[in-house]
Amino acid sequence: MASEKVETVIAGNYVEMEREEGDPKSVKGKLSNFFWNGGSVYDAWFSCASNQVAQVLLTLPYSFSQLGMLSGILFQLFYGLMGSWTAYLISILYVEYRTRKEREKVDFRNHVIQWFEVLDGLLGKHWRNIGLFFNCTFLLFGSVIQLIACASNIYYINDNLDKRTWTYIFGACCATTVFVPSFHNYRVWSFIGLLMTTYTAWYLTIASIIHGQVEGVKHSGPSKMVLYFTGATNILYTFGGHAVTVEIMHAMWKPQKFKTIYLLATLYVLTLTLPSASAVYWAFGDMLLTHSNALSLLPRTRFRDSAVILMLIHQFITFGFACTPLYFVWEKFVGVHKTKSIFKRALTRLPVVIPIWFLAIIFPFFGPINSTVGSLLVSFTVYIIPALAHMVVFAPAAARENAVERPPKFLGGWAGLYSMNMFVVVWVLIVGFGFGGWASMLNFIQQIDTFGLFTKCYQCKPHKA
């Protein structure tokens, strides 16, 4: 077994642990560090940006058709900033929790800290249970969405098999993510994944402009409240990818440097989502209301086929991102989380994939399911719970006085921070969960009434005889 070197660096009151696996001077060690062992701020940035925009890139034009151009752009900017704010809050709570535990001489070298453990350590078991329920349910359906997206995309290259059959196939492929130990090992995948979404976003933009507007194009959105809030909630979901924030932070060598990473990742993501969604909606208008996957409207070329293939690979990576925290929870539940055998952990993880596979076959509604998950799960997991938790943790004067990370002065200190948190809670509770939940559930039920559960091919054109 390779020896492990641990260097402890004291930075203020925060104990950082830097780990080097194996001999870094050997060829194997160098290759491993280059492709496998990622813990820098750059790795965290690639992980955040790659994880934030995957298949949702293909549904944002659909959201624009529901919202209209102006509202679509404004909601992206608004929820992008709000998502960055709550990611910042989560990072503050993680640092606070880890600092307190390390003062008690707790060693996290063989243990991945997760969001529900942060809530447990800072606020007790009731907060832990709420956080565990919402986080696990969101990540479960996030993984389901990736499988649905895989089947939806590959169908545009090969329609000899229906989408349900493709879901079976990709479910088996995605199950191989059980062999990736942690986010520490996604270095090369995060980098490749972001290149893939960058290509796809600019393909959608350029191809739509070259295609031009379809004859008689109409841009009637927003036309109905149900559609408006469904589209808004899909964008809420888009910038709610930080249900894995704690795990990404824990994979970093210096996790307290995370604070601005998510904001920088969001700004880059906006350079992909705004041009692509605007261009596709400009070209196809209301046609997108019945085509939730933007690739379905563009003519088949080698560039579109390349985008489909790249998105398939990226969705496989994103499946791993969404599922890995679930693997950790399951490992801790059955007591193998600290086992060093990758094969034993992989076998233990396999049961997690089965319900994901099954749910993707029951609800294959590409597009509408994003909004439903966004309103009912992301609203609490990513926005409401972190904002409330931060306020409760630092409500006592002693907690504010001894806080590891104090609010920046430009926010107006603790008063400004609390005001921001209250705004997030009220807005997301009323607009995201309230109106968004009502609209997305109506839309989701309509899809079930129209297509039925276990439908073989959602939004597929009938084959010509």
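Each residue, glycine too, has its Cβ placed from N, Cα and C.
Listed in TrEMBL for this protein:
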DOMAIN    38-430  domain 'Amino acid transporter transmembrane'
TRANSMEM  73-95  transmembrane segment
TRANSMEM  132-154  transmembrane segment
TRANSMEM  166-184  transmembrane segment
TRANSMEM  191-214  transmembrane segment
TRANSMEM  226-249  transmembrane segment
TRANSMEM  261-284  transmembrane segment
TRANSMEM  307-330  transmembrane segment
TRANSMEM  350-369  transmembrane segment
TRANSMEM  375-399  transmembrane segment
TRANSMEM  411-435  transmembrane segment
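Between the transmembrane segment (307-330) and the transmembrane segment (261-284), fewer than three CB pairs separated by 6 or more residues in sequence fall under 8 Å, so the two stretches do not touch.
When each of 261-284, 350-369, 411-435 is scored by its Cβ pairs under 8 Å to the transmembrane segment (375-399), the top-ranked stretch turns out to be 411-435.
Among residues of the same chain six or more beyond the transmembrane segment (350-369), those with a C-beta under 8 A of the stretch's C-beta atoms are 55, 59, 62, 140-141, 143-145, 147-149, 151-152, 163-164, 167-168, 171, 174-175, 178, 230, 234, 292-293, 323, 326-327, 330, 440, 443-444, 447-448, 451, 453-455, 458-459. Here the transmembrane segment (261-284) has Cβ contacts under 8 Å with residues 41, 44-45, 48-49, 52-53, 57, 60-61, 63-65, 69, 72-73, 76-77, 80-81, 83-84, 87-88, 91, 197-198, 200-202, 204-206, 208-209, 211-214, 217, 219, 238-239, 242, 245, 291, 294, 297 of the same chain, all six or more residues outside its ends.
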